[in-house]
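Before any comments, here is the structure.
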């Protein structure tokens, strides 16, 4: 269906449908920076991802991406989709796509997953890909298979892959055991593996006050050293400017420059004996460390059964059907074009769109 703008006044940005630069392909266009945008379009029929899910779309940042989102929210189906009511709290099944600002630089993959007790929790991909920095059309693909393996692709190249069960935080299946929150480390627990040797004694010849460096008594002042010459002098070639006014500008003084006699000779001014390492330097004495006879090892709280543990063998059955696609973003960058949005059970159509729609555009620019 057509893209419907959200009615909330915070969505001051007005997205439109235009042809992206250098293409004949219409796309959803974000024309202004420093705006919130909220638009959505319903799917013809809600899509249930329980047996597999592929999401794909093109995003072209014609003016570059300094700070902003270019992700899409695949909204959870709930009766007839009301595009005007869209806001930041509208439930989504998956949030997918680029987001870059400050320390954030990632292609988001976030599922909203329902536990057996009905609690809904966001599951974030732990190692998301980074966002391409150029202004070319880029293709973003998420494939989740019935065996719960997934791939995140950028321009058809796999950037992140793994299992739903070990690649998201918090995990889809909470751990069977957790730390006992009521367990605490005993006061007499010793967790220092090493201690100072109590029997060690500082040697009588150890001088803690001996300096690290001493004068080099073997050094000799270089021949030709100019004791009475300063290192810097007034520039003898400087001339008072014709427009200098002593009353307004003060007394004119020639700029200070390095003394040329010093640079030609071995040196000027008072000669200072150089330093050398003191062979008697030892620094502060510390007793050697030995194994602590009282050491008990690192302390950890005991484990107890996790009251919130459950096992969901098919998380995709509990993320909700997708009823609409939304672009609900804030951006400091203008010129974003989103095109060829796909929601499917597998990646057959995604690969076809990659080769017939995206690749010709990408290679033509």
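Glycine is treated like the rest: Cβ placed from N, Cα and C.
Annotations in TrEMBL come from automatic prediction, not curation.
Because the structure is a prediction, the values reported are computed rather than measured.
Feature annotations, reproduced from TrEMBL:
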COMPBIAS  183-204  compositional bias 'Basic and acidic residues'
COMPBIAS  205-218  compositional bias 'Acidic residues'
COMPBIAS  225-236  compositional bias 'Acidic residues'
DISULFID  67-101  disulfide bond
REGION    156-247  region 'Disordered'
Tell me which residues of the chain lie with their Cβ under 8 angstroms from that of residue 101 (disulfide bond), as long as they are six or more apart in sequence?
66, 67, 68, 332
Tell me the Cβ neighbour count for residue 67 (disulfide bond), meaning other Cβ atoms within 10 Å of its Cβ, over all protein chains shown.
15
